[in-house]
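These notes concern the structure reproduced below.
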Amino acid sequence: MAAYLSRLHHISLHVTNVDKIAYELVSKFKFNLFVARLTEKSKQLAFRKGAAVFVVNERPNMSPLELNGVTLSTERGISPSESEPGWTNNIQPGENNDKDPNCLYDVHPHYPVDTASNVCFEVEDVERSFKSLRNLGCDFLVPPTEVCDDKGLVTYSVVKSILGNVNHTLVDTSKYKGSFLPGFQEVENVAKSTESCPITHFDHITYACPRRCTPQVMSWYERHFGFQRFFIDSNEDVDEGYVLNKEGIGLRLTAMEYWKCSETGIELPFTDKKQPDCKFVIAESLPEQGRNQVDTFLEQHRGPGIQHIGLYTQDIVSTAQTMGQAGVHFFSPPPAYYTEVGKQQEMEDAGYDPQMLSRHGILLDTDLRQAQTDPSCQTTDTQKKRYLLQVFTKPIFSEDTFFLELIERRGASGFGEGNIQALWRSVQAYMDTERAETEAQGENITPEPKHCHNA
Ligand SMILES: O=C(O)C(=O)Cc1ccc(O)cc1
Ligand SMILES: [Fe+2]
């Protein structure tokens with residue numbers, strides 16, 4: 001039996017320079033630092049915006065020499081070739097948080113680059129989830145462990161996923177009254193107004209995955225966490241996923257979602273508790289169209305993992321404007337995107353000023369499927385259409401191993417093909433420039449495409 005998840009609790013980032021990412025999240029992305037765990041050996045800071053919580057962990061800065069000495073742990077997962085230098089999947093044998101509380105509610109990934117590597121879920125019963133997942137053959141990095149302070153007790157456990165360095169902490173906070181987790185101290189903070197940046201939750205998490213590995217990743221999440229397939233497009237092939245394979249874009253997208261089964265959980269802007277919240281998108285690059293941003297991620301991240309996270313906002317224009325003014329760098333599609341006759345009309349029909357969208361690099365896509373079953377469906381033509389607005393940030397870590405996205409959904413639940421194409425072109429142009437610069441410095445490394453093994 002699978003472990004059923006109540007809700008997404010937080011996402012963990014592991015970075016060498018916590019202060020830099022803290023600055024980015026607070027000053028630029030308008031998150032609130034609300035709790036911290038600072039010990040001699042560790043620095044863990046938690047940032048919140050609506051229901052979206054990031055825990056930023058200080059990552060030991062290891063030299064390539066040290067990294068090569070770490071035992072590989074790749075028995076089951078999808079990871080790059082073992083011969084690749086600098087690769088390590090996770091903790092060293094024998095190390096776990098019982099003995100090494102440096103990184104509470106997670107493990108030190110001993111990973112060579114900054115990475116977003118843990119998606120923590122709230123579950124109703126950690127012990128039961130642990131037993132069922134272990135019976136299904138999962139590797140646990142931390143067995144069920146209790147942590148308490150004067151506000152109560154939580155139980156957690158950390159399970160290794162099938163994909164690269166991605167782990168999942170499972171936590172039960174039902175017996176805890178504090179504002180986050182035991183061991184974290186509240187930080188004196190003036191709660192900032194959310195008016196100009198109304199981010200409410202994580203909309204989706206996108207994995208970059210090696211070629212032909214999507215089915216294994218899908219079935220792992222179905223089998224272990226009860227995830228279900230989410231069809232991005234009505235014409236999407238069950239086996240092939242949503243394929244974009246033309247004009248230089250070679251991408252296979254497959255999405256999945258989980259269903260909340262608990263009465264607990266933060267109120268999200270869904271009235272029906274059976275609604276899924278955060279989706280998981282698996283992105284795989286297709287070889288025919290040449291190198292692309294998924295390949296770049298796999299190379300720079302030294303393996304598969306979390307490529308980006310979509311933050312849901314109720315007002316993308318004001319959010320992008322505020323963040324842009326604070327110094328967030330967004331990708332902008334080629335200017336022609338906003339002046340195409342059809343596009344301009346589409347934006348105006350949706351009630352947006354194309355120049356305003358252009359100023360912030362915001363992409364708009366119309367979902368051509370009509371609202372059939374949605375009871376909130378309005379009557380006029382304009383309101384019947386479903387829109388999706390997105391804007392993508394430039395990498396926020398020092399290497400191209402993670403970025404954020406703002407997304408506003410006006411009825412559309414998928415991922416716009418038009419938006420992905422526009423994004424792709426802008427990212428491609430950025431990558432080409434970066435690559436040219438790297439080549440000029442004589443540091444160009446082009447590894448073989450990565451394949452999965454040992455499923
Ligand atoms: O459109 C989105 O937000 C996605 O998440 C799909 C996606 C996946 C990978 C990419 O490199 C670009 C786009
Ligand atoms: Fe996305």
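Glycine residues also receive a Cβ, built from the backbone N, Cα and C atoms like all the rest.
Pulled from TrEMBL, these are the features on record:
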{"type": "DOMAIN", "residues": "7-173", "note": "domain 'VOC'"}
{"type": "REGION", "residues": "77-99", "note": "region 'Disordered'"}
{"type": "COMPBIAS", "residues": "77-95", "note": "compositional bias 'Polar residues'"}
{"type": "DOMAIN", "residues": "201-367", "note": "domain 'VOC'"}
{"type": "BINDING", "residues": "H204, H308, E405", "note": "Fe cation binding site"}
{"type": "REGION", "residues": "435-455", "note": "region 'Disordered'"}
**Message:** Neighbour count, 10 Å Cβ-Cβ cut-off, for E405 (Fe cation binding site): what number do you get?
**Reply:** 19
**Message:** Around the Fe cation site formed by H204, H308, E405, which additional residues qualify by having Cβ within 8 Å of the site's Cβ center?
**Reply:** D203, I205, T206, V281, Q307, I309, G310, L311, F392, F403, L404, I407
**Complete:** Over the domain 'VOC' (7-173) the mean pLDDT stands at 82
**Prompt:** Near H204 (Fe cation binding site), which residues of its own chain have a C-beta under 8 A away, given they sit six or more steps off in sequence?
**Reply:** A255, C278, K279, F280, V281, I309, G310, I407, F415
**Request:** Tell me the Cβ contacts of H308 (Fe cation binding site) under 8 Å, same chain only and six or more apart in sequence, or just say none.
**Result:** T206, F392, F402, F403, L404, E405
